Protein chains: 2
Amino acid sequence: MPSSIVVPKKLTTVEQYKAFLDQYDTFLLDCDGVLWHGSHVLEGILETVHFLRKNGKKLVFVTNNSTLSRANYVKKFQKLGIEATEKDIFSSAFATAVYLRNILDFPKDKRVYVIGESGIVDELKDVGIESTGASDDNGVIMTHADFGSIEQDPTIGAVVCGFDLNLNYRKLAKAFTYLNNKEQNAHFILTNDDTTFPAPNGIYPGTGSLAQPLITALNRNPLVMGKPNKPMLDCFFANYHTDPSRTCMVGDRLDTDIDFGVNGNIATLMVLTGVSTEAEAMDPKQPIKPTYIMQSFGDFAKVENA
Amino acid sequence: MPSSIVVPKKLTTVEQYKAFLDQYDTFLLDCDGVLWHGSHVLEGILETVHFLRKNGKKLVFVTNNSTLSRANYVKKFQKLGIEATEKDIFSSAFATAVYLRNILDFPKDKRVYVIGESGIVDELKDVGIESTGASDDNGVIMTHADFGSIEQDPTIGAVVCGFDLNLNYRKLAKAFTYLNNKEQNAHFILTNDDTTFPAPNGIYPGTGSLAQPLITALNRNPLVMGKPNKPMLDCFFANYHTDPSRTCMVGDRLDTDIDFGVNGNIATLMVLTGVSTEAEAMDPKQPIKPTYIMQSFGDFAKVENA
């Protein structure tokens, strides 16, 4: 039964929380709006994380942000007081590395051209894939005479595009040149297609926008990894080998988190501590429906104290 | 009678050339594929240009390329041996300046933020419009801490985006910030929407591709100036005051040059020295039809010698 025709079930009592937890072993957790807002951890989250782990539940933190490696995300979690190791973090950069390594069986003699930051480079290196690009062309000034210096590179087997604060024309021209070579047939992968990037002082163009010059000039669509797209979940199961029927996606946004679970045909729990509202989820015209709704993920701490 | 239902008339004899020339006073000329290929001027072009001017015809060279000012285009024409002054050149950068000055009556106390090269900056200056951006942020290296340095600028009344070899994230983030301010209501103008840019060694992403991050992140469409879009022709007539019924667009491409004339409801002459073929123009399924077809614009020289 696809989740899209399910009427969301609201969890409000400790008994309902218990019955829900009995059904699932693994929780994929969106972070901002579920665990924290900015640098403020939500009420009950630390206790909930501790309680669930004590009871043998696996928690995996899922993020579309490709700028940091899992090793650097761990530091962010530590700073906020949430225990986490690299194995608990599933980012779009790591998912992309898993995809190239485990699903595409990326050739040993090929390299990846990266538009993006260190998160992608580090995760590729971690699975034994060499990359080029990334910060190499940061801050380059080009003249029209420099077009001649952009040459085909037969070692490039894929172009990965993620968020890059130092995106510039030279990077786009190189990526275009590699991908426009039909014989080379390089893979074209986007870490995610979020059109905006949330910075502390407002929103700015995101990965899904930055990749558009390539998509338009090439007239070619990339494989898109991050939520709400299915490849991210395929890579999750390729890496973690958990039982899909006992895995639940938890998030605050219908259009990314919940759609992600729906697309992957796993259970979804929407919390009301972030962007989407209960009214939006219950709207008969809303095509994306969570399996469950509850006020806050932190409310599971009440089960321990009950 | 719209040109789109006209069966193109093929001009092959000197008598047909004479009869054609008697009907028009002004010729808008695409350059590459009509006058020259790269740095090679086509046969008969120098003689044709001389002959037509001697007979009182006005020739205006039309280009979507916004990187050079008309003053710098003149040098290119001189190098190829074709006489031209600034008044003979109608570029997308100049058309954008005409549009802001003559059609929008751009406020004296506002400035334009430019993503682009010196052609746009120089043409804006020439019509008395101050600009910022362009080369100011070339080669800048950004860190995540630098988001805070991107601030609203209430003096920005328009963002103009043209081809920019030094496009970078900082420029996109600034343009996005200005255009995303609903109260400021700044104009958003593209010099052209060519998806690729022809460099001597191949094609690369063009203006229509480079503007896509803004279009996607803002979810807003710009006014597009260059061929085949109508604003370029509106600006032409606002600047030259010629009689549209005695004006003919000459070009080698159905999808840009001929479509440009058709969109502006003026006569069109397609030459066979460039991209599009006679078979393509005559194909019953071809929606864009030139009024006339001839082998080469250089063939008009034969009228003088007949």
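Glycine is treated like the rest: Cβ placed from N, Cα and C.
TrEMBL entries are annotated by machine, without manual review.
The active site, nucleophile annotation in TrEMBL covers A:ASP30. Secondary structure from DSSP puts A:ASP30 (active site, nucleophile) in a beta strand. Long-range Cβ proximity for A:ASP30 (active site, nucleophile), meaning a same-chain Cβ under 8 A and a gap of 6 or more residues, is found for A:VAL62, A:THR63, A:LYS227, A:MET249, A:VAL250, A:GLY251, A:ASP252, A:ARG253, A:THR256, A:ASP257, A:GLY274.
Around the Cβ of A:ASP32 (active site, proton donor), 16 further Cβ atoms fall within 10 Å across all displayed protein chains. As annotated by TrEMBL, active site, proton donor applies to A:ASP32.
Cβ-based neighbour count (10 Å, all protein chains) for A:ASP252 (Mg(2+) binding site) stands at 24. DSSP assigns A:ASP252 (Mg(2+) binding site) to coil in the three-state reduction, placing it in neither a helix nor a strand. As annotated by TrEMBL, Mg(2+) binding site applies to A:ASP30, A:ASP32, A:ASP252.
Around the Cβ of A:LYS227 (substrate binding site), the number of neighbouring Cβ atoms within 10 Å comes to 30. Residues or ranges marked as substrate binding site in TrEMBL: A:LYS227.
A:LYS227 (substrate binding site) falls outside any helix or strand according to DSSP and counts as coil.
Taking the mean position of the Cβ atoms of A:ASP30, A:ASP32, A:ASP252 as the Mg(2+) site, the remaining residues of that chain whose Cβ falls within 8 Å of it are A:CYS31, A:GLY33, A:VAL34, A:LEU35, A:GLY251, A:ARG253, A:ASP257, A:GLY274, A:VAL275.
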